[in-house]
Each structure stands twice: as structure tokens, then as C-alpha cells.
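Listed features, source TrEMBL:
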type	residues	note
DOMAIN	1-74	domain 'PLAT'
DOMAIN	102-220	domain 'PLAT'
DOMAIN	233-358	domain 'PLAT'
DOMAIN	387-505	domain 'PLAT'
DOMAIN	551-669	domain 'PLAT'
DOMAIN	682-797	domain 'PLAT'
DOMAIN	810-928	domain 'PLAT'
DOMAIN	941-1061	domain 'PLAT'
DOMAIN	1078-1194	domain 'PLAT'
Amino acid sequence: MQKRWKEDVFIVTAVDLGPLKKLRIRHDNSESYSSWYLDRVEIVDTKEDTTYYFPCNRWLAVDEDDGQIARELVPVDEAFMRKDDDEGTSGTLGLEQKSMSTTYTLKIKTGEKKYAGTDANVFAILFGENDDTGIINLKACKNYKNKFEQGMINEFTVEAVDLGDLVKVRIGHDNSGGSPGWFLDWIDIEAPSQGQRMRFPCGRWLDKGEDDGATVRDLYPADLQTEFYTPFVPYEIKIYTTDVFGAGTDADVFIVLYGRKGLCTQQKHLCVNKRERRLCFERGAEDMFIVELEDIGDVIEKIRIGHDNSGTNPGWHLDRVEIRRQLRKGKGSETTIFPCERWLAKSEDDGETVRELVPSDIITQKLLRDGTLKTTETEVEDALETHTYTVSVRTGDMYGAGTDANVFLTIYGDLGDTGERKLAKSENNKNKFERGEVDKFNIEAVDLGQVFKIRLRHDNSMIGADWYLDQVEVLDVETEEVYMFLCERWLSTKKEDKRIDRTFYVKGYEGERSSDPYSKMIAQAKLGVDKNANKKKKKKKAAVVEEGPIIPYHFTLSTGIERDASTTARVYVIIIGPNDVETDRLWLDLPEGKKSFTAGSMEHFVCYGTDVGEIKRVELGHNGVTPESCWLVDELSVAVPTKGIKYIFPCKCWLAKDRGDGLTARLFNVLDSSTINIIRKVVYSVTVATGDIQYAGTDTNIFLTVFGANGSTEEMLLPKNEDRFERGQEDTFTLEIDDIAPLKKIRVRIDGTGSRPDWFLDRILMRNLTTEEEYLFTYENWLSKTKGPKRTKVCELAAVVDDEEMVEKTTYIIQVQTSDVAGAGTDANVFLIVFGEYGDTGTLPLKESTNRNKFERKMKDVFRFPDMLSLGELSKVRVWHDNKGPAPGWHLEYIDVKDEALDNTFRFPCDRWLAKNEDDGQIMRELACANNDFVDLSDKTKYEIATTTANTDDASTTENVWILLEGRKARSKEFVLENKKKKFLSGATDTFEFSSKHVGEIASICVGHITKDGKKVKNEAFWHVMEVVVTEKELGNKYFFHCDAQIPLAAKKDQFQTFECYKSIESFASKVRNLVPVKYEIIVITGDVKAAGTDANVFITMYGVNGDSGKRHLRQKFRNLFERGRTDRFVLEMLDLGELLRVKVEHDGTSPNSGWYLECIEVTNTANSVTTIFHCGKWLHTAKADGQIQRVLYPRY
């Protein structure tokens, strides 16, 4: 049968099928020479007298085309067929057929196990909702000749017509060949025209002798691993090679299409393998490719076509490119013609192997109602012009700045980009990219519009590939516009963040840089984007919820330590509040470089999701479905910093298909968790502006501490995140900051590490995202040990609100009186921190005294610290020395601190030793201020009560309200808030003042709604109260009660509602009164597990409502501390911290076996015998859990 151009006629009798939709034709490949090229099938329905044309124009052959011996064909309109007869050419129908069929790319992964591969013949059947494909022999693999070997991913193409959504795949083999057993890991099926990629996991043997002995398996898609994207559309690309000598090429040709506004497709390689490359692009040839690519809109503005210059004589002379697409409305197509008529060759023309082409003509073919084709040809009027861009690259003038690596550049404008171009031939230097040199390159590209960013990379080849790039200038020769890029960064695998690929924005760029992962997360969370499975199958109708605010959630996951406990699957959490309000699926993706949740590890994540209110349940699951992906979860903790609460779920269960109960997702109830109060945080947006001065940018570590009227934060590291803190840039990101507003000042510190340790900080702007309050901090100076006038690595900046500084500048004069005791003096280095209303001064080294020999017996030393930010009223000082020098013990009598701006001196008496061998052996003391003792608390005080009525129409009342305060010491009388001058109107805040006895700390209030003069209640009425704030006037402590309740009107005071205090702010005066010296007993229990003990030095910092203790070394003479299963006891004296909020425990990792398993810490305030227990139960070990050697512990209640 296989002769050229032969027509065979068969007569088939069959049931009436109605209009024909598709045709499947195959042969059995049984004889030799069974390759068959089928032109078309015509079917005449004699009853209806209609003819169907099924064009094929393809091989049915194992060794040709895509290797399939079965085809599905679709009928096309007669007019399209006739068009061909006139011209005598055949086969331009690929596009129409492609758009009616679906191309599936199958990626088949063979497992990594020993003997996983097979040489048997593998087949597959795809089952859709409407139909299946029939048996497909997987013979012609696109990327490997020897298929299905261990660990290999093989690619196949399958075309099918109208299957509907895929529901399963059947895969099997014929058990032929030596060792036919096959371990199949998974199959990925991508259908670009439907815009989805599905994963069919297997993770089992197809082997007569393994598992259940089956060699055929049915696989089902893993819902959570399905990815959706915008569907691709088919393009028919015809490439005409010129008929001149040496025009053809065997190089790898690629193409990129551009639409309007820089919208472009991916770079598409037209040939898949060497064989195709040899057959295509011959002299005078016309090659047609049908490819599916992103939809770039109605107009193709330009294309980029090029090759990789591989093979012998790779130079190529391209005549033109024609791209045909189907019309969006109606039947027909549109062909855009891109003339080239130039060489793409290293040795011809300008030596470029990439060209950008713009359209010259557009040919439209439309199928009219009467069945004829109408062809129209139009010239493209406003095609973009080709521009030349001169790129000047300046290499830095410093040691080792030059490179000999290959450098690649991409220029981006608002109309598109140039694609990656190699900077090969410098116009002015033979040796490119040498230290301090400027190299010029010309790049030809279609007009990019306004250039706004460039991407530069090198391939790290040759010796000394590290490159310091100073700046890049891009000149658009046609418009004479110059675009300046200040780079000043290393592209090196050894320096900075070890990256050799960087993106730079044009100087003065205002647009979106998207360097902040938080803003991306928030944007995604707002869209509710769940990258895969965003078409969530809603089983239960979740309560439709008004999108609440987006808040951060912090997760910590600990994996168990049994065999097979680890997993490589993707893990997610869903947080569920009351009424089934839930967040999107929050994926906990591991950081770069980590492949799996390994046994015994502990991982931390931050995700952004909807605020669901009070958390009720948490769902934890993963998307793994194979036996390999089983996971043993030990513990999950969920922290909600904006609410100041953390839940710890002791999971201790398998999430696995084949372990335990076979579930890969579980719901945990909050009632089963232990709840911990953590620091409440507020989300601020922080904008950091780096100066526009040479080398202003840095890659050093930058730390920020924020001070407010209600406390201070710990020092926080500002993450560099690839390209923050660079010259002339403003970087905006979010930070979670303790609830200490109003802000007073910040302290910025750099540690001087990194390849570029100096930083010129211009200013920092902080904005509270809830209240929209803004604080500006200006510095405009260097933080550097070598640059600028100050030569300092730390600065303090006052907050400016509406052009007013929140704290004023002052000079502190510190007088230190050493006692008149034998051996009182010291030669050790002494340090001091002063604490006050607005934070602290940071560590002040007491170096430059009025006396040459400092801290001698009976001497007074005076130290001046000019240009300090005033702390207002002072509360305490912390003083210590480093125990250096001979006889370092020191007996200190007192310290006086004078604030020159306030003209006020604060006295801090001590009269004790700071010595390891005297008194209690401590060399750090905290001294309370003696000025504050005069406040005498009488029994009587005044309370101010402020009520806020809800802002709804029916919230107000004309009657009276009464309130009673429940204090820790006593209960107040009932205060009647009389409704005299139109009080309690909706949205209003009303203030009342009452004298009363002191009730102590207020725990709760009772609120009632009562008629005037005790009248009877006629109609039921309510007062809707939002909030009550009670202020105790003598010390100024504030108590906040969140009510949001309807209080019913009553005639007597027997009806009321009770509200608990949700937040209290203790005034500075009140805190200072509590600062008395207290001895704390600290008991440290080391766990009873293998290698739990440590020989490293252990430090503790305790935090309470009155402040913190500073970092204290836990040590005892002549004792081996912190051994396995042991309990160690320490006594430290410090000023009363009040209620303990948290402790920070750390060790310095100095000894060889410094890893430590800490069970728990008990802290007892010996003055009032209150014991607080801080449970840890975790490693402080660089190689275990999360690798941290410090832990912050919160009390369990």
C-alpha cells in the first residue's frame, strides 16, 4: 500500500453517527517498512450527501515526526481544502487542526531506586471526562534515546481531540526485554491550550515480582499539585531560509514573540533534537512549525529570532518569518510577515546571531457566510523602528574588580526587552572589563520605549571571574536619551551574597521594585491566589466573609525522628476561625537549598492570611500521595503576633497515605493546644532611603531598635534581600514592632561585616499600618569606621511627627563616685546604660574622664556625652565592668546623671561591690533612681472614665449609665454617668471624672444602663457601647476594655454586663516606684536525653513589665554545670522586673560539644515568692532542630 500519492477507497456500512466530529486511524506497525505518510481521509456520507475532509499531512511512524502510529483527525471546512487545490500546495491546515485538538506533553519520571529502569515497551491511555485516547505507545522520546532509565525524566507529545478534563492515566508495559520491572515515580501532564499542568503520582513498581505484581496501573491526579495558568494559543510559524550560498544552518534556532506593552512569550526552541535541527533550515527551504505559546494579544509588535551558533557552519541567512494565527471572532486566520533578509552569523554582516524583526504586512483570510475565503492584505503603518543602543559598562577601580568571564545583558523598556545579549565585542578595549575601564557595546533592538531596568550576569568562567560593576550607561542613539544605572556591586560567587546575576533599575526609578516578600504575600493574599489548586473544590459552602485585614501568621514545624519521618512534599496550613471563616491555603515552602522536612528538624515560616478572628481549628496537610512522601509531625506552633498569642499543638502523628489512618491532612482543635501569651506586635511599613553618594550602598548587617513611650523593641536585623540598601534607593518593607507607640526614637547599628561595610543612611520613614501614623527619622550621614566625620557604626535618631521632634537633644554629664573602702578602685573597663521615659542610651563606655587614672578610691570621675537624645525622666542605670586588669573588683558609691537640657540631676546610689570575690560575686549592678521616692500614695485617688458609643444609627441612649470598677485591692462604688448635655450619642466619646478609694490594678468593670429617676422601662431599649478606657489620675495608669455590646435598659442596678481588661498601659511614674532590688532564684533543668549537656557558657536575659535584666552569665565556681538530667540553681540580684513576660536563653557555642537540650527554666522572685515556669523542651544546637543556639521562652499559664 505504501506508494507515493495513492488513493484507496473503502466502503463501510455502519450505524448513523449523525454529524462526524473526529476520526481515529492507526496501524499496527507489524511489517518492516511500516512507516506511513497519510495526506488526508475523505468520508462521503451517501445518505446525507455530505463530504467530510479529515486532513492529516503527517507520518504515522515510529521513527518520524513525534513517533505516533495512531492519529486523531478533525474535519475541516471545504473552503480551506479548495484553496489548496488551486495553488497545488498542500498542508497549511496545521493551525486549524491544532486549535481543535489538545497537545499534551507527558513527562515520565523513573524512580531513583536501584534497578528502577526498564527496557520494556511502555504504553499509556489518557482518560478524559468525554473520551479516552486509546493506547499510545511511548516510543519516540524527545530528549533521550534510551528511555526509562533510573532517575530519568522522559518527554513525550500526545495529541488528542476533545477529551475533556483528564481524570486518570493508565500506564503499563508489555514486560518484554531483560529486567522489565519498572519503578515509576510520577507522570506530569501539561496541556498548554487548557492552561494546566497535572501531576499523576505513582511511587510504585510495575513489576511481576514486586509490590502486587501488576504491570499496568491507573493513576489519578493529585489535586493539590495541579497548577493553573492562562491557556496558551497556537501559532503557525513559517521560516523561509534564503536561496544563497551557505544560507542553511544546523544551529538551535529560537524565537520570542512580543505583543503590546512588553507582553511577550517564553523563548521557544523550534527544534527538539539534533535530528530535527539537521532537517530544518536548509538553503532555500520553507519550514513550518506549529507551537503553543502565551497569548500576547491582537498585535504582534516584534519578534526576536536567533540561534546558538552551534554545529558546523552555523551562519544562517534568514529571508523572512511568517506567523499565522486564528482570528478571535469568526473563522479564518491572520498572517503577519516579518522580513529579515540578513545574516545571523558570527562571520558575516555585524556578527550578530540574534535579530529583532518588525512586521511589514498582514494578510487576513476570512471565511464568508457563502463558504468562500476572502483574502485581504494590509501594510503595517506604525511598526516600531529599530534602534541602536550604545551600552557603556564601567568596571570598578578596586583590587580584583575586573573579570574575563562572559558577560550577558538584557535591557528592559516599557515596550519590551532586548532578550539576553552577550557583550562580546568591546568597541574600545581588546581586553574587556578590566579594573577602572569603560567598555562600549552596540546593541541593535526594536524601540524599547522608556528604558527602566537592566539585567546583567556572567557565567563565572575563567580564573578570577569576580567582577565589581561600577555603573552602566545606556544611550538610545536615535532619541539621544541617556539612561544611567548606578550599580556599585560585586557579581561574584565569593563576595557579598554570592550572586553573579543582578537586576538594576534606572537612576531615580519610582516604580514598583517588588523586593519585599511581604508586600508580594499581602498582594497574593488579597487576590486569594493559591498558585496551585486555586480552583478549590468547595465541598462545604464556607461562610462568605467580608475580607478581613491581612495579618502575619508565624509557624514552626518540628518533624519526628523515626525512620521515614521526613518528607519532600509541599506542606500547607489552613487557619479556621468561628463560623468556618478560613484563610486561603498557606503553603509553607522551604527556603532555597532545603529539599525536605528532615527527621528531627525544626522549620520556621511567616505567611500572610486573612484575620479569621479567634482561631478555632488549624488544618495541617501536604500534597504528597506516594508512599515516599509520608511525614511524621511532632509539633506545630502557630503564633499570631498582632494578637499576642501562640498555640502549640502536640501533633505526634503520621501524615501519610500508608501509615496510621492514611490521612495526609488533619484538623487540630485549639482546645488541645497549649496557649502562650507572646509580645503583641503591630505591623509597620518601613521605608529606608540610602543616600545618592558614591559607594553609599552596603551589604553589611543593619540592625534597628525602636523606642516608644511604652517600651522598646529588641534589636532587629533588617534583611538585605538581594538588592535593598543600594545607592539612591528607597526600600519599603514591613516590620512587626512591639506595641509601644507613640514612637520616640530609633537606634540604627551596622556590624561592619560584608564586602562593602560602609553605608550612607539618608532617612527612615515608619508608618503604622493600622492607625496610619507616620514617623520620620533623618540622619544624612555615613555609618562607617572609615568614612564621614563621625566614624561611628551606630546612630540614634529622634522621631519627627508633623515637623516636631519627639525627643530633644541634650548633653549627659555622668559623675561616678568610687567609695572610700580599701581596694575600692579598679582598672577594668566600665560600661553604663541609662534608662528613662524614652528608652535607653545604649552602652556608654566610660573612657574619657576628667582624671587620667579612672575609678580610684575616693575619686569622682566626670564623663561628658554631648549630642545625646534626652530620655526625659530617668528610672535606672545598669553599670558593669569587664573584670580585666589586676584586682578588678570595684566598690561604687553612687552615680549622678545630669541632663543639661532639663537642668536636672538624677542620683543612683549603690554602695556595693562589683567584684567576683566580694559580696554576691556579681560584676553587673542595676541602680534605681533615688529622686522618685517622694510620690506618696494616699488611699484616695481620681478615676477618669471615657466611654465610646458605637457609630451606628440606634447605638445612642438618652438614659443614664453606671459603671463599677473591680480592682485587685478593692471594688469601687457604682459611678453613675449622668446623661446631662446630650451624652452617649452614636460615635461619640464622653469623659467623666470621679473621686474614689484606690482599687489597685483594675481587672474588670461592670456596666449597666439605667433609667433616670428610677422610672419604669416602657419599651426595651439598648445602649451600644464600643470601648471604655479608665485612667487612674495620680500615677496615670490606663486600662482598656473592649465591649462592643448592647446594654439593655433597666430600672434597677441588678442588670449589668462584665468586661475584662484586654490591655493596660502602666505609666512611667508607676513603673519607677516598683524598681526595688530583688533576688531572683533561677533553676535550670537540662533534659534527660543523649548528649543533652553542654560545657558552653550560658546566658539569660529576663524581660518583665518594668524592663529587662540585661544579659547575665549563669556561672558557679568549681561546678560542672548543665549536665544531662541535672538541675542547676543560681541567684541573681536585679531591680524588680514586675510580672515576667519572657526569658531569652543562649549559649556561646564555645566548647567542642556545646549542643544543649534545655528542658525548662523556673524563675522565682524571692521577695514575693512568685514562681514563673518557662518550658523549653528543645535543642540549642547548631546541628539539630533549627540550628539556633538561643531561644525565647514564654511562661505557660
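Using N, Cα and C of the backbone, Cβ positions are placed for all residues, glycine too.
Here the domain 'PLAT' (810-928) sits against the domain 'PLAT' (1078-1194); at least 3 CB pairs are under 8 Å, leaving out pairs fewer than 6 apart in sequence. Annotation: stretch 1078-1194 has the most Cβ pairs under 8 Å to the domain 'PLAT' (551-669), among 233-358, 387-505, 941-1061, 1078-1194.
Secondary structure of the domain 'PLAT' (387-505) per DSSP (helix as H, G, I; strand as E, B; remaining residues coil): 0 helix, 63 strand, 56 coil. When each of 1-74, 102-220, 682-797 is scored by its Cβ pairs under 8 Å to the domain 'PLAT' (233-358), the top-ranked stretch turns out to be 102-220. Across the domain 'PLAT' (810-928), DSSP classifies residues as 0 helix, 64 strand, 55 coil.
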